[in-house]
There are 2 protein chains.
Amino acid sequence: MKKHNFSAGPCILPQEVFEEASQGILDFQNSGLSILEISHRSEAFVSVIEEARSLALQLLGLENKGYSALFLHGGASTQFLMTAYNFLNKKAGYLNTGTWSSKAIKEAKLFGEVVEVGSSKDKNFNYIPKDYKIPSGLDYLHCTSNNTIYGTQIKDFPNIDAPLFCDMSSDIFSREMDFSKFDLIYAGAQKNMGPAGTTLVVIKNDLIKKVEREVPSMLNYKVHLEKDSMFNTPAVYAVYVSLLTLRWIKNNGGIKAMEQNNNAKADLLYKEIDRNPLFKGFAAPEDRSPMNVTFNLTDESRKEAFDELWKNAGINGLNGHRSVGGYRASMYNALRLESVEVLVSCMQKLEEQN
Amino acid sequence: MKKHNFSAGPCILPQEVFEEASQGILDFQNSGLSILEISHRSEAFVSVIEEARSLALQLLGLENKGYSALFLHGGASTQFLMTAYNFLNKKAGYLNTGTWSSKAIKEAKLFGEVVEVGSSKDKNFNYIPKDYKIPSGLDYLHCTSNNTIYGTQIKDFPNIDAPLFCDMSSDIFSREMDFSKFDLIYAGAQKNMGPAGTTLVVIKNDLIKKVEREVPSMLNYKVHLEKDSMFNTPAVYAVYVSLLTLRWIKNNGGIKAMEQNNNAKADLLYKEIDRNPLFKGFAAPEDRSPMNVTFNLTDESRKEAFDELWKNAGINGLNGHRSVGGYRASMYNALRLESVEVLVSCMQKLEEQN
Ligand SMILES: Cc1ncc(COP(=O)(O)O)c(C=O)c1O
Ligand SMILES: Cc1ncc(COP(=O)(O)O)c(C=O)c1O
Ligand SMILES: [Mg+2]
Ligand SMILES: [Mg+2]
Ligand SMILES: [Mg+2]
Ligand SMILES: [Mg+2]
């Protein structure tokens, strides 16, 4: 039986994507070759990566606006270091909204001064800092749009003079936004975009002019831009499955439709958390993420009973991250409303048991 | 029809691997989940990466000998920079045997002094330098065991005091050797080990003590060792398919049997190149690689006729790299002798046509 997969990432992808992705391993486009054995310099693969690059920009509304998309190696964690290696010449600002922001800050400190413009560490990152001051003279301001572990999401991004960088690993392609506010966006593929093993970077072409340091080739955005994201062998299969997922987003109404579905799922679950006396939400209500819903039992002694209920219902991946405890329901684009309905009915059954 | 795939990498993998790899996308180990959607922290995946790490060491004869295996992001090109970032404190030696060695040298120069101990650039890298002198006081000596583009292979590795590092991207798991001669071995997966998207690093644990620089986490071998190759989300699928390929190597007689088959294929093709007056080999005979066989027509005017012959025979990926021209037959572990027989028969047909 197919599971209801609430994993935080790697995570559920559309069933159609799994099917096409499986077929491509046996025979890619009737070529008599597996997608795993074709040259990355073949016409077939070059057209895969080019379509993926342009579709990513198109879905974000950034086509013909001076941006480029790259599919790089190394996960979002490599972007923590690449952003700083390339662009932290003197001083950068970081908004600290959780584990991932903190890790980005740690890497950046190797390259220059880091100003933590705001932090929600005082309350175990259960909210998004607001009304923080942004000093002048920053090389860039870095933020994390969605905090996968804590279930918070930035709703309003600051208007600043400095370039704005954003780690969108866990909510890219999930909600409409003016993406042209950002100068650099990155996201590990393994949430809304594809499987683990490739990272999307969307970068304003002009930004490259700001690089002062001598940067090793594999960490150098300019090198990857000049080589059309093919400086070395890309993660062929991860890029291919990302393309299939991007096509699925486009064919299913684009980001606008994704956002509507995501909001419907989030409304359903947050309403139940608020209504049901056995559960309480972790994140501050105004900062709640539709992607990762973090919640706890009001009475820990019911844990065994609840765990049995959801496991028997075919739910997977609901355990919370150790930094928060309790439960985390990750509801990325490909998760269906009916999976959330199953979860909500487990929560209601627990209530009935008492 | 299944092609005879002579691609240089990404390249052919065993048919059984493709089949199991395709099935795992639809349902991984009857879990009701795709391998693409499971958490990298799940027991199922942790056991995949742990088995892959230990099988890699086992096949190389390095188990319980103070080595660890890592599956990292970034391709072999990232190792060019990581080796130097971690270990080039003052001065390192490099043997320059082609494009890939040259690129490793370029990255290393950002971190310290590079002594090119030998080079075959004078003859477009068609041979392996011998009798070169190795200065004392090196942090390490770096070499490339098999030169994918030029079709040369190092048969004898130097005995030195300094740590010996080797880029084995295109011949790892293809021939028996005393791998304990090396302190650090790396290889992009996409030749003998798996699909593009992960890189094997085999490192002597003691080596870590030599690191003097402060190294960013994602480039830091110590960090990856301490986190059992799970510092960030690994390239789950590429690691899984690598495991399937490593198991196939083991179940088919290990490196010893691979080497016998590889030698049989190489003998067949090199004999034909030498015998057939229409072809000549590129690499110096004593340095010929069984993995990548580079050859040219003695008369370029027969190119069209030869290309038609091999394309009609279902051969793929035979065009030489632009640095060498002519043809390159890459014959990794999974390529079958019968594919080489088909190629040889095309060469003989060309001869008969004249
Ligand atoms: C918001 C965010 N940033 C960064 C990362 C790290 O990504 P990776 O494991 O690809 O390095 C994660 C992983 O879950 C994440 O959720
Ligand atoms: C010997 C050798 N080293 C390094 C590389 C670069 O590998 P990657 O593309 O994974 O960075 C290659 C690629 O073909 C290679 O053959
Ligand atoms: Mg977080
Ligand atoms: Mg409640
Ligand atoms: Mg080479
Ligand atoms: Mg000849």
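Here the Cβ of each residue, glycine as well, is placed from N, Cα and C on the backbone.
Annotated pyridoxal 5'-phosphate binding in TrEMBL involves A:A76, A:S77, A:T148, A:D167, A:Q190, A:N232, A:T233 plus, out of the candidates A:W100, A:W310, the residue A:W100. When other Cβ atoms within 10 Å of the Cβ of A:R41 (L-glutamate binding site) are tallied across all protein chains shown, the result is 15. Of the recorded residues, A:D167 (pyridoxal 5'-phosphate binding site) and A:K191 (N6-(pyridoxal phosphate)lysine) place their C-alpha atoms 13 Å from one another.
Of A:R41, A:S77, A:W100, A:T148, A:K191, listed as recorded positions, those near chain B by the criterion of a Cβ under 8 Å from one of its Cβ atoms are A:S77. In sequence order, A:K103, A:G188 make up the list of same-chain residues 6 or more apart from A:S77 (pyridoxal 5'-phosphate binding site) whose Cβ falls under 8 Å from its Cβ. Cβ-based neighbour count (10 Å, all protein chains) for A:T148 (pyridoxal 5'-phosphate binding site) stands at 24. The 6 Å Cβ screen around ligand 2 retains A:T233 from the binding-site residues A:S77, A:W100, A:T148, A:D167, A:Q190, A:T233, ordered by sequence position. Residue environment of A:T233 (pyridoxal 5'-phosphate binding site) contains 23 other Cβ atoms, counted within 10 Å of its Cβ in all protein chains. Note on the domain 'Aminotransferase class V' (A:5-343): its mean pLDDT in the predicted model is 98.
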